[in-house]
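Annotated in TrEMBL:
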- 43-427: domain 'Amino acid transporter transmembrane' (DOMAIN)
- 49-68: transmembrane segment (TRANSMEM)
- 74-98: transmembrane segment (TRANSMEM)
- 119-141: transmembrane segment (TRANSMEM)
- 161-178: transmembrane segment (TRANSMEM)
- 185-208: transmembrane segment (TRANSMEM)
- 228-246: transmembrane segment (TRANSMEM)
- 258-282: transmembrane segment (TRANSMEM)
- 302-326: transmembrane segment (TRANSMEM)
- 347-367: transmembrane segment (TRANSMEM)
- 373-394: transmembrane segment (TRANSMEM)
- 406-427: transmembrane segment (TRANSMEM)
Amino acid sequence: MTDIKITKAVGDISSNSSSSIDDSELGKVMYKGVYDIDRSNGGSSFNGYYNLVCLTLGTGMLGLPSALSQGGWGAVALIIGALIMSTYGGVILQPAMYRGKNRRLNSYKELGNEAFGKVGGWLSFFFITWVILGTPVLYLVLAAQNLNQLCAGTAGEIGTLAWTIIFAVIVAIPYIFIKTMNNIAWVSAFGMVAMIVTILITVILTGIDAPNQLDNHHDNVVWEGFPIALSTIAFSAGSNTVYTTVEGSMKKPKNWPKVIIASLGTCSVFYLLLAISGYYVYGVNVLNPSYNSTPDGPARTVAIVLVTINVIVSCPILLVSFALEVEDMLNINVEKWGKTKEFIIRAVFRTSVMIFVTAVGILIPFFGLLMSLIGAFANASIVFILPVLFYWKLTGFRNKNPIELAWNFLILVFGLVAMIFGTWAAIEDLVAEFKNGYEYNL
């Protein structure tokens, strides 16, 4: 992605309250006195599509068959609805980005500040932090479980706690000692290839195993399971955190709606393929991650290895993005502290964050339940609730037609159900897991 730079706008375009933006104005001047970003080195629309597909096709989709086991076949409608709403949220986020007083709003925190003041900014930052720190926790748990599973019966079966610590050290080295990670295109490319290969392996193995899984139970609709299913679905659809960055990296932002529709449409095909095949064959017994339901063998081992490598190389990127924002807020820079002190302060701060992430991963080593909790509390807010609220506040409420407002209200209800009831259900499931006498795999 290209760096976002502020450049002085020229011209004189009058402000209005309409939520629409003239395509010819995008990337130039939105309003009188507004500063836009420098798009002279911006990428193509295909590059934006590629980035979104890379970032959306993540480990969250491995829990989609499990979401169907919780909500029944009716949860397929939830997956489709969530992806449509996520797409719409990305589209309406764009006009909100260009309602800043002096410049384009480049992040959820800036959107929150502009829309609802400091409280809105900090709440937005809080939910984003849940995702950015919660996802590495989830990744450490998954990587530790995968390696312990692969090493079963060998000297490498040292327990998930030990593997969590080992992977934390591996992640910490680049995270602490590399200040920024600008050239990460290879990580995105590897992640996309790894997840597509994993999907294909899982679907093929599922099909091969189908004749052996004839008696598994299926439900049409499990209403009480909808909130927790929606939480898992929200996690898989939660690439909203990067929408402002990807839109800012495009040379022709007028193509943003087409890019986001095409990218999430592509991801929807893979999501539905994995979810429907997994639940159809394994029913309520399908596991999370879904490849654990398939027969053991070299193909499944390849899938597990690919996912493990992917999550480990992705962890530092997420952690660095959080660190850079906090370090900027705390003025941790060379200009203020000097090169040596700046490095020491930065290293101490990042080490503390890494210890926190590792501790949570050790204390709550439940991949599926963590995915539901993060998806319910944070992703539901970022994917469904905040885009609509920003859209209303920054572009106006009264200028929307009744049909659009009704659709917006439906999205808010969708998000609130996922957030409130999904969080409650995820916490109850976590408590039940510990009450049932869970023993740490040391």
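A Cβ is built for glycine as well, from the same backbone N, Cα and C atoms used for every other residue.
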For the transmembrane segment (49-68): best-contacting stretch of 74-98, 119-141, 228-246, 258-282, 373-394, by Cβ pairs under 8 Å: 258-282
Remote residues contacting the transmembrane segment (302-326) - C-beta distance under 8 A, at least 6 residues beyond either end: 58-59, 62, 107, 109, 125, 129, 132-133, 135-136, 139-140, 142-143, 146-147, 149-150, 167, 170-171, 174-175, 178, 180-181, 184, 187, 190-191, 194-195, 197-198, 201-202, 289, 291, 346, 349-350, 353-354, 357
Non-local residues, at least 6 beyond the ends, that sit with Cβ under 8 Å of the transmembrane segment (347-367): 133, 136-138, 140-142, 144-145, 160-161, 164-165, 168, 171-172, 175-177, 288-289, 319, 322-323, 326-327, 330, 332, 430, 433, 440-441
Criterion met for the transmembrane segment (119-141) and the transmembrane segment (258-282) (at least three Cβ pairs under 8 Å): no
